[in-house]
Amino acid sequence: MPVKDPSSFANTSDIVTTHLHLNWNISFQERKIAGNVVLDLVALKDNVDKVVLDTSYLDIRAVYVNDAEAKFDIAERHAALGSALTIHLAQPVAKDTKLKVKVDYSTTDKCTAVQYLEPEQTLGKKHPYLFSQCQAIHARSFAPCQDTPGVKITYSADVTSPLRVLMSALHTGHDDAGNGLTTYHFQQKTTMPSYLIAIAAGNLVGKEIGPRSTVWCEPEMVDAAAWEFEDTEKFIATGEKLLTPYEWGRYDLLVLPPSFPYGGMENPCLTFVTPTLVNGDRSAVDVVAHEISHSWMGNLVTTANWEHFWLNEGWTVFTERKILRYLHGELERQFSSIIGWKALKESVKLFGPDSPATILKPDLSSGIDPDDYFSSIPYEKGFNLLYHIEKTVGGPDVFEPYMKSHVERFASKSITTEEWKAHLFEYMEKNHGQEVVDKLKTIDFDLWINGKGMPPVDPQFDTTLADQCYALAKRWDEARNSDDLSGFAPGDVEKFTATQKLVFLERLTDCEPFPHHLLAKMDELYKMTAIRNSDVRFRWQQLCVLASYKPIYPHVVAFITEQGRMKFVRPLYRLLYKAQDGAELARETFIKHKAFYHPIAASLIEKDIGLKQ
Ligand code: BES
Ligand code: ZN
C-alpha cells in the first residue's frame, strides 16, 4: 500500500491505478487539450465505495465506471493542491476488484502543466508549439489521475494534432486523421509515476546522436544540439556499467524553446532540456549526465512522496558525479561538488538557516506547494549525505556495489527515507559485517535528515581545479583597496574553461559588493558582458546586480526575457528587485513579459518580486 502523500487527495490506500490511457485532441487555437483519460484501477481492500482523483483547473464533463455513467463531485479548490474529484461507485467493491474509470474532460486556460507558444515565440516563427512540465504536482492540471509518485503505472496515449507530437514513451506509430491532422500513438511499458507523463508538439525534427538516441528540436537548432550532446551514449553506457542495464529502450533528448523553466527534466525515453545548454562548448552536458542518472534514481527507484524528494535528486546528483568521475576523473567530481556546495550555501541563505525548507526531509503535511520548497537543498544536502556515507564506509570500492544493490532492491518501487536507510544498514551488515555497521553508526542520520541549515559535516573537497579561480578572485578582492590595477590582464582568464570562469565569479559573489570601477575594469579586460555561455552570463550579471551596477541592468533585462530557466531568472529578478533603482524595472519587465514564461515560472517569479503572496 502506498504511504500517505500529503500533496495528493487520491485514496491510494483503498485503490490504485495500474494503467493510464490518454485520448487527446490538441487545439492550438483554443489552447486546450480535450478528450478523455481511462484509468485501470485495482482495489486494495474490501468495501471500497469511491475513487478520489487529483485534478486542477479541469473542465470535467462525465465519468464512467466500467462503461456505466457514474456520479461524481468536485471539491472546493485547495490553493496549492487543486480539487479532489470524487467518483462514487454504484456498489462497494471487494479487494482485488478491477475497475475501468473513464473521465471526459478538457483542460482550461489555467492549466499549469502546459505552456502554449505563439509562432512568434518559436525559432521558426511559423508554427505554434506546446510543451508540458508535470513535476511535481502539475499532471493533475492536464489529466485527472492519482497524482502521487507513490503509485506507479504504465501509460499509453493516442494524440491527435496538426503538428508532430512527442511524449515520454515509445512512439508506436501514427495514422492520418483527416483535415491535416495526425493521430500519434505512444506506449510506456515500464511502470512510472504520474509526474513523468510529458508531451510536446510543434515543428519538431530529429537527428540521431547514438544507437538509442535522437535529439529533437526545431530544425533551426538541430545541428548545434546534436553536436552539443554527442556524449550522450557515453553517459548512458557508464550508468549501465555502474548500475543496471538501461530499462527504457530509447533515450532521446528534446531541446525546448527558451521558456522551458528547468535545466532538464528526466521524462522517460525523452529528456527535456533548456536551449541554454546549447552553448557551443559542451560545458553544460553535466545536465544530460544528471537526467540520464534519473533513469535509475527517480524513474526506477522513486520517492514515495515529495517529502523524500532528496531520494530522487540527491541520489541523482551522486550518480551524475560518479559518471563524471568515470569519464573525467576524481578531480572533476570534486570540482563539480564544490560548485554544488556553493549552490547549497546560497539556498540556505535564501530561506534562512532556521527555515523548515532547509531540512533534507521536510514536512509537507500542511499542504505546502512542493514548488515553493524547490531549491538546491535536496540535491546537495542529499549528495553530501551519500558522499559522507561513501567516505565513512571505505570509499568507492565499498559504495559502488552498494549503489547497484540499492537500484536492484528498489527498482519499480516508490520508497521512503526510512526504507532507504534500512536497506543501507542491511546491505553493509550482510556484505561487510559489524565493523562497517559500526562505522555507519558514527553518522548522525537524524541530524542529516531532520536538521536545519547546512550539513553537519564539512566535506573538504579537493580544490585542485578551483585553486586558480580562487587565487584570481582573491587578487580582485584585494584590489578594492588599491589604485593600481595594472597587474590584471586579459590573459588571466584566457586559459580558463567556462566552468573555471563560473567558479571565479561565484567566489566573487561571496565577497562584499564590488566597487563599480573594478567591475568596469573586469569587464573591459575579460569581456564578461559579451560572454554568451549562460551559466557564466548568469554569474556575471548576478555579481553586477549585487553591487547595483546599473550599466548591467539592460543586459539583465535582455537575459531574463530571452530565456525563462528558473535557475537564472528567479535569482536575477530577486536581486534586481532589491538593487538600487531595480524594483520598478523588475516588476515592469515581468509584467510586460509574463506571457513569455511557463506558468510555473511565472507564478514563482510573481512571489519573488512581491506581486503575489
Ligand atoms: N527533476 C528535476 C527538475 C524538477 C525537479 C522539476 C522538481 C520540477 C520539480 C531535474 O532532473 C533537475 O534536477 N534539473 C536540474 C538539473 C541540474 C541539477 C543538473 C535543473 O533544472 O537545473
Ligand atoms: Zn534532477
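Backbone N, Cα and C define each Cβ position, glycine as well.
Annotations in TrEMBL come from automatic prediction, not curation.
According to DSSP, Gln133 (peptide binding site) sits in a coil region rather than a helix or strand. Sequence annotations record features per position, and here TrEMBL assigns peptide binding site to Gln133, Cys134, Gln135, Pro261, Tyr262, Gly263, Gly264, Met265, Glu266, Arg565, Met566, Lys567.
If you look up TrEMBL, you'll see His290, His294, Glu313 marked as Zn(2+) binding site. Under a cutoff of 8 A between CB atoms, and with a sequence separation of 6+ in the same chain, the neighbours of His294 (Zn(2+) binding site) are Glu266, Asn312, Thr316.
DSSP assigns Glu291 (active site, proton acceptor) to a helix in the three-state reduction. Shown in sequence order, Gly264, Met265, Glu266, Thr271, Val273 are the residues of the chain, 6+ apart in sequence, with a C-beta less than 8 angstroms from the C-beta of Glu291 (active site, proton acceptor). According to TrEMBL, the feature active site, proton acceptor maps to Glu291.
Around the Cβ of Tyr379 (active site, proton donor), a 10 Å sphere holds 25 further Cβ atoms from the protein chains shown. In the three-state DSSP scheme, Tyr379 (active site, proton donor) falls into the helix class. The active site, proton donor annotation in TrEMBL covers Tyr379.
Summed and averaged per residue, pLDDT over the domain 'Peptidase M1 leukotriene A4 hydrolase/aminopeptidase C-terminal' (464-609) gives 98. Marked as domain 'Peptidase M1 leukotriene A4 hydrolase/aminopeptidase C-terminal' by TrEMBL: 464-609.
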Quiz prompt | Entries of Gln133, Gln135, Tyr262, His290, Glu313 which, being binding-site residues, have CA atoms within 10 angstroms of Tyr379 (active site, proton donor) | solution = Glu313
Quiz prompt | Distance-selected binding-site residues near ligand 1 (C-beta under 6 Å), from Gln133, Gln135, Tyr262, Glu266, Met566 | solution = Gln135, Tyr262, Glu266
Quiz prompt | Sequence-distant neighbours of Tyr262 (peptide binding site) in its chain (C-beta under 8 A, six or more apart) | solution = Gln133, Phe272, Thr274, Arg565, Met566, Lys567
Practice problem: Consider only the recorded positions Gln133, Gln135, Glu291, Glu313, Met566: which of them have a Cβ under 6 Å from an atom of ligand 2? Write none if no residue does. | Solution: Glu313
Quiz prompt | Shell of the Zn(2+) site beyond His290, His294, Glu313, same chain only (C-beta within 8 angstroms of their C-beta centre) | solution = Gly264, Glu266, Glu291, Ser293, Met297, Gly298, Asn312, Trp315, Thr316, Val317, Thr319, Glu320, Tyr379
Exercise. Measuring CB to CB from Glu313 (Zn(2+) binding site), give everything in the same chain under 8 Å that is also at least six residues away in sequence.
Key: Gly298, Pro378, Tyr379, Gly382
